[in-house]
């Protein structure tokens, strides 16, 4: 059977009739199942007609069961009976007679009545409803009668029946407003007033709402529909119907050439004749190219004449980008629409909107939303969710927080789960006892089952009562938790563990980075400021430039910070600036310009920060990059934002930016004196720092340096630091060996010798790594290959009499 012309509700009726057949255990779908489907659908004209005749689902089900009984589960695929097929064919014929281009629930009911001999007809007669009376009721609801049925819906009627094609393709916003299905529209009175002004013009009376996604363009059209229902519009717009047309629905199912144009022409003719329709086309840019196959004209060109003459009142809605990309290119279409800018609401307006919607979300989630939660949703979404717009993102926060709180409160208690498990076990044991014919045991288990079932029912009812009495509350903390889940930025209140970790951050960092207290303190203070909520919200958490000779821990401190913040040292965004030495390579940071290879891939820096807005950004060896790179970084350091090649603004306000550089390393090498008294060392460090800063000023522009929070000069490593660093490096080696079930330890003398061998003030800690490779790793690899070391063995390395490294027995 062909269901192409059947409306969504009509198709739902047929699906429900199949469900009824399965429920009753019947192998075929008969007229009685279609009747049950019509009543169960509940919203169509047929359901309303049957309800007005006093027919309820339970009554019809009872009568059907009485007439044909209940079977077992159907054993084969379910098919329509010949009578049911005839009803479907007659419904199409009824639609044709009434001049409707669609088949709705009312036509199915008319077909059912016309067939007149099936089980459905008997059910209706038994319930005291004559078929003729049922038919008259349907036609009355359709705004028609028997004498009008053959006239194919004349234009004189101002009812819904005069626009059958439009009704099948569009949704009536005024009906939704009347039924209270539209959310209240708050703070858009200026935009609605401007829309009314444009609609009241003689020609070109077509407003188009332009604004960013999520600012409330569709809400303006819904607000107009609500005002029409409340009679708060001028006389010119009284009794108008606002119909929202989805171009996808208009195009859907148009298989043959000319079908789309015919459908659209019918819609336009119906609108012209009805005279009381305001068409709302959301995503207006979909008009361009819609239905425009090879040689055919698209929807926008079909609508242009009517739009210009004022025969068609149309409200459009589209985003700024799509308006520019599609509508502005077609000047003839653009001049027929009057643009109305819908701006993003302010924080105060967003709070008003959320307060207006609060009742709807409280009723849906069965929770109470506090004033603090409303304010937090507006302020936190504005601050942390930067790629979307108010009020949409704030509403989404409230919605998800409500969902989260409700699900949390509806978690089944453990004692209830335990009772359900016990009941299942007893039921299985009883079935097993019956199978093995142990009837006494089965009787005893049946009593236990009954007892458990009663206990379960009582416990479940008590839990449900308790749930119904106490409404869960959506608090500021719940909103903050959702923001953290979305963005990865921790905005919830500090826990005791986190507070302790932040206060002891220096100690944690000192365990990884030896001998650089100034750098560690500066970074720790920046993180504490941010987490306590005292940092400047318009700038990054902190921006640092680490200077010093090679191998003193500049990059290591960035890794350690990432581990403290995210429990993973690889969680930082690392950009090796030596890759950006050529001028043309700088575009890779923000993405290639249009027309170049890699435009669709996005920037290497911007894309990573968009995905992880709360992160440590390490720009390693920054002096190796081309000077143009620093121009890109200016607005990142000052305003915490950067625009990528596609025009998207990337938010850097929740990042820690660390740049490392070897500028002035030669000065450090020349001016490092060992063995002076403490006072002299401090004075020496200050002199050396000032010289390095001078070198830095020569290498970088003042506007770049002026935007950096702190410039930190790392100390050269002292001999006393070496043992601690060797211990750290050996711990890393121990971790690698542990994976092979080997346990390594070194004697103090062995550690001391590595520290002495690897000490070089000019090269920092890296020579120690080479010393460990040469003396420890090479020795272990030889012993492993020789088979002298077995798995699960404790391996101790020390020195022999000649001072050589050996594996001790």
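Numbers run from 1 along the shown chain.
Keep in mind that glycine also has a Cβ here, set from the backbone N, Cα and C atoms.
Copied from Swiss-Prot, the annotated features are:
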| type | residues | note |
| --- | --- | --- |
| DOMAIN | 3-144 | domain 'Clp R' |
| REGION | 6-71 | region 'Repeat 1' |
| REGION | 80-144 | region 'Repeat 2' |
| REGION | 145-165 | region 'Disordered' |
| COMPBIAS | 147-162 | compositional bias 'Low complexity' |
| REGION | 163-344 | region 'NBD1' |
| BINDING | 211, 212, 213, 214, 215, 216, 217, 218 | ATP 1 binding site |
| REGION | 345-488 | region 'Linker' |
| COILED | 395-471 | coiled coil |
| DOMAIN | 420-455 | domain 'UVR' |
| REGION | 498-716 | region 'NBD2' |
| BINDING | 548, 549, 550, 551, 552, 553, 554, 555 | ATP 2 binding site |
| REGION | 717-809 | region 'C-terminal' |
By DSSP, what is the split of the region 'Linker' (345-488) into helix, strand and coil residues?
116 helix, 6 strand, 22 coil
Cβ distance under 8 Å to residue 218 (ATP 1 binding site), same chain, sequence separation 6 or more: which residues?
282, 317
With an 8 Å cut-off on Cβ distance to the 548, 549, 550, 551, 552, 553, 554, 555 Cβ center, who else from the chain surrounds the ATP 2 site?
546, 556, 660, 714, 764, 765
May I have the list of same-chain residues other than 211, 212, 213, 214, 215, 216, 217, 218 whose Cβ is within 8 Å of the Cβ centroid of the recorded ATP 1 site, in sequence order?
317, 319, 342, 344, 389, 392
By CA-CA distance, flag whichever of 549, 551, 552, 554 among the binding-site residues is nearest to residue 215 (ATP 1 binding site).
554
What is the one among the binding-site residues 217, 554 whose Cβ has the most other Cβ atoms less than or equal to 10 Å away?
554
Quick one: find which recorded stretch in 6-71, 80-144, 498-716, 717-809 has the most Cβ pairs under 8 Å with the region 'NBD1' (163-344).
80-144
Sort the binding-site residues 550, 552, 553, 554 by C-alpha distance from residue 211 (ATP 1 binding site) and give me just the closest.
554
Distance check, please: Cα of residue 554 (ATP 2 binding site) against Cα of residue 212 (ATP 1 binding site), rounded to an integer number of angstrom.
43
What's the CA to CA span in angstrom from residue 216 (ATP 1 binding site) over to residue 549 (ATP 2 binding site)?
56
